[in-house]
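Listed features, source Swiss-Prot:
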type	residues	note
COMPBIAS	651-663	compositional bias 'Polar residues'
REGION	648-678	region 'Disordered'
ZN_FING	58-80	zinc finger
ZN_FING	297-319	zinc finger
ZN_FING	380-401	zinc finger
ZN_FING	457-479	zinc finger
ZN_FING	485-507	zinc finger
ZN_FING	513-535	zinc finger
ZN_FING	541-563	zinc finger
ZN_FING	569-591	zinc finger
ZN_FING	597-619	zinc finger
ZN_FING	628-651	zinc finger
ZN_FING	709-731	zinc finger
ZN_FING	737-759	zinc finger
Amino acid sequence: MTDSEETVLYVEHRYVCSECGEEYPSLEEALEHQQSHAAALQEPQYQIVGVNSLENQYQCLECGLLLRTPEDLLAHQELHPTQNEIQKPKRPTRSEIHYECPECKALFNSQDVWMAHRYTHMQVQDVSHSKIVLQTDDHVIEDGLQLMCAPAVPSEVHLVTGDPHFHVSTPSSASVSHTQVLVDLEHSYKKNEGAGEDCAMELLLYKCSECTQLFQTPGEFLEHQGTHFSGQERISDTNSHLDQTPQLSLNGQEKEPIINQGNTCTDYQAENKELLVQPEGEQAEQDSWTVDREPVFSCGDCSETFQTTKDLEEHQISHQNGPFSCPLCSKVFPTYPEVGEHLKSHRSESRYLCVDCGLAFVSEAVLLNHRRSHLANPLFTCECGLTFLNMTRFLYHRRVHSSKQPDTGAVEEKKTVNSIAPSPAGNFHCDPCGKDFPLLSQFLRHQRFVHALERRHKCPTCGKHFKKGSHLRTHMLTHTGERPYSCTVCSKSFNSQANLLRHRLTHTGEKPYKCQLCGKAFSQSSTLQQHQYVHGQAYLYKCNECGINFHRPYRLLLHQYHHTGEYPYKCQDCGLSFLLKRLLEVHQLGHRGEEPHRCRECGTNFPSVQRLQDHRCSKAGDGGGEKLECPICGKKVTSDAHLNTHVAAQHSGNKRSNVSSGKGTPVLPRNKLKGGGGKNLECSDCHKTFSTETSLQVHRRIHTGERPYPCPDCGKAFRQSTHLKDHRRLHTGEKPFKCDVCGKAFTIAVRLSEHKRIHTGERPHSCPDCGRAYRSFSNLWKHRKLHREQQVQLQEPESQPADLSSTVAILETVETIPIIETVEIFPEGSTISVQDIQFETLQVENIHLGNIQIGTL
């Protein structure tokens with residue numbers, strides 16, 4: 001046969017009769033044939049003299065089980081796997097504790113299966129070696145099970161269960177002759193089937209010789225017997241009790257225990273009394289069945305009595321002094337009852353065996369943890385040399401080394417704790433922070449968590465560490481976005497209750513934290529602490545890009561966004577980004593065709609009416625827009641703090657302690673507010689002086705040409721972040737500052753202030769040389785620049801004609817235009833016309849001369 005040829009095999013299944021060897025193509029035909037052998041299939045070990053055999057018994061060819069109908073046999077055959085069925089892969093072998101059968105040497109991994117298997121050997125021995133004798137009236141069946149037929153009584157069975165009201169009702173049986181008795185060897189009860197009279201079914205109860213506990217089935221009895229022994233003792237002792245049968249009494253008459261003839265067994269102990277099972281109404285004076293339990297052994301220490309010497313010995317161990325160790329493992333317990341409770345874990349099904357020492361464990365995790373003890377080096381080793389088998393204890397030990405200074409030991413720690421004494425007031429005072437604690441435990445906890453800098457709670461998301469677990473749980477809400485605490489006034493939600501309480505102060509207006517230097521109040525203690533840095537010039541937060549210092553961390557964070565040009569809040573419609581979320585929400589109103597809600601005092605826009613109501617405008621003040629005026633120069637400011645700062649910065653030479661605001665807050669000198677007097681910071685390039693370091697740093701960018709704030713839209717850079725903020729409104733088209741008189745809007749507040757002076761006619765900026773006044777400071781600065789140029793020209797008369805520098809014209813328009821507003825013209829009364837003027841320094845595009853206002857000085 002070549003390799004290319006295919007071989008087809010036809011397999012035909014046939015069923016062979018186990019009695020005569022005939023073959024049949026189907027199981028149904030084989031079952032019908034076996035009906036002829038039904039009489040021959042009757043097993044003599046189950047046949048009792050005088051009892052007719054059952055008809056139509058069908059035996060399973062796999063396990064030999066007898067069934068009554070073919071349908072039952074077919075249903076039973078489905079439980080056996082066929083040969084063509086794919087075998088499941090075997091589980092990997094693991095260390096298990098097996099139970100060995102002493103008869104056939106079979107191994108079982110479950111105690112229940114082992115007990116059930118041992119019971120099968122007991123049945124075979126009972127049937128093969130014992131005599132089967134039937135008694136119809138007064139005789140006894142000597143097969144290991146007693147058969148009793150009571151007189152005609154109600155069909156009830158009374159069990160000795162401890163509950164006198166517990167009983168089981170069974171239907172009465174008829175249609176069977178009085179001599180036909182069926183004994184069911186697979187159960188612990190017998191069936192009396194009599195004809196013409198009712199017969200009660202009585203259960204055979206099994207009594208433990210050690211603890212006098214009762215059981216209904218041999219399996220439960222044998223399993224319980226195994227709990228009184230361990231190891232080989234359990235198996236050997238169980239063998240001695242397998243063939244013993246419980247003792248029953250018929251009509252109150254005690255019987256001797258019946259032992260199977262074929263087995264060599266030991267008798268029950270003398271104190272093992274018989275169980276009395278009687279029908280109801282048989283003995284009126286007895287309300288319930290009792291079992292004689294006479295304590296014969298007493299303890300000499302506590303006079304407690306016991307039924308067996310084993311119980312007495314176990315009890316006497318409890319009077320000994322601990323510790324007690326487990327005989328199966330190395331665990332130690334302070335009392336013996338705890339050892340007994342621990343031994344129950346070893347009696348359970350421990351299937352995980354240690355190959356090194358032979359100890360068994362319930363779970364694989366416990367076994368792996370135990371096997372670390374057999375390693376040469378333990379798994380968890382600390383830097384100080386200590387080793388741990390348990391990870392939890394190792395982590396707890398590492399807390400000792402978490403502080404900056406190493407721990408010197410438990411002895412020194414106890415000395416430190418003992419040396420702490422309460423103050424005369426009864427409190428424990430903390431020197432670093434000044435807090436008082438009523439209890440020593442609270443004081444030590446404060447020292448450990450606050451001043452030891454021990455942060456052992458780590459966030460799994462960002463890796464940040466916290467001192468307390470509650471702080472970590474609050475921090476985790478920032479990653480999930482959950483805000484479970486909401487304000488009942490404005491419906492704002494917060495991720496912690498502390499933030500909610502701080503927010504409520506904005507509704508009540510309460511500011512409990514007040515600065516002692518300037519009188520300014522704050523709602524949070526941290527804000528007051530940061531404010532005090534201003535007085536002491538303590539700017540702790542420095543920008544690494546430009547070197548500007550800030551006294552608040554969030555100011556530095558907002559400042560750093562200007563360097564990168566990437567703002568955190570981006571519009572999804574047009575792609576513009578914003579520094580604040582409020583600005584983004586106001587911008588998105590324009591996409592929806594809605595108008596923002598604007599504050600009339602300061603011109604700030606808000607996305608909702610509620611946000612506008614929550615806004616407390618500093619320009620409005622408590623007096624409806626009234627400002628505080630400086631008594632020295634007349635400048636108006638919005639608050640006491642601004643007035644004190646202004647006086648200290650601008651008028652440090654005039655030390656006026658009587659300058660006060662409407663609230664009577666005294667103005668402190670400059671040296672008390674900021675630790676120094678006047679403008680003591682000088683620029684090394686131009687020798688200009690400044691009052692703050694921030695102002696000096698911003699000024700020095702003029703000399704260095706540094707522009708650290710680029711525009712993310714066009715790339716243009718600026719020296720200050722405020723200039724960038726104003727510039728970005730050109731891209732967005734936003735003009736939040738609107739004139740109340742004419743309705744004209746501007747991008748910055750300065751332009752609006754200059755525009756309002758047109759309506760009022762106010763010219764606050766005057767020239768000190770000629771006395772001319774201007775509406776804006778920029779126009780005054782440009783005007784004074786001309787005076788400086790005139791002085792230069794007077795020093796060099798030959799460079800310019802003398803008659804060309806006598807008059808100056810200032811061009812002013814209603815709207816600001818990008819032109820140079822100063823020109824030089826000929827004196828008045830000259831014959832030269834306006835058209836002959838030479839505009840050398842004036843750049844005008846698409847502007848007629850009629851729109852230019854020409855004036856003379």
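Cβ coordinates come from backbone N, Cα and C, glycine included.
Contact between the zinc finger (709-731) and the zinc finger (541-563) holds: at least three of their C-beta pairs are under 8 Å, each pair 6 or more apart in sequence. For the zinc finger (58-80), the number of residues in each DSSP class (helix H, G, I; strand E, B; coil) is 8 helix, 4 strand, 11 coil. Highlighted: of the candidate stretches 58-80, 485-507, 541-563, 597-619, 737-759, 597-619 has the greatest count of Cβ pairs under 8 Å to the zinc finger (569-591). On the 0 to 100 pLDDT scale, the zinc finger (569-591) averages 85 in this prediction.
Assigned with DSSP, the residues of the zinc finger (513-535) fall into helix, strand and coil as follows: 11 helix, 4 strand, 8 coil. Cβ atoms under 8 Å from those of the zinc finger (58-80) belong to residues 15, 18, 27-28, 31-32, 34, 41 of the same chain, restricted to positions at least 6 beyond its ends.
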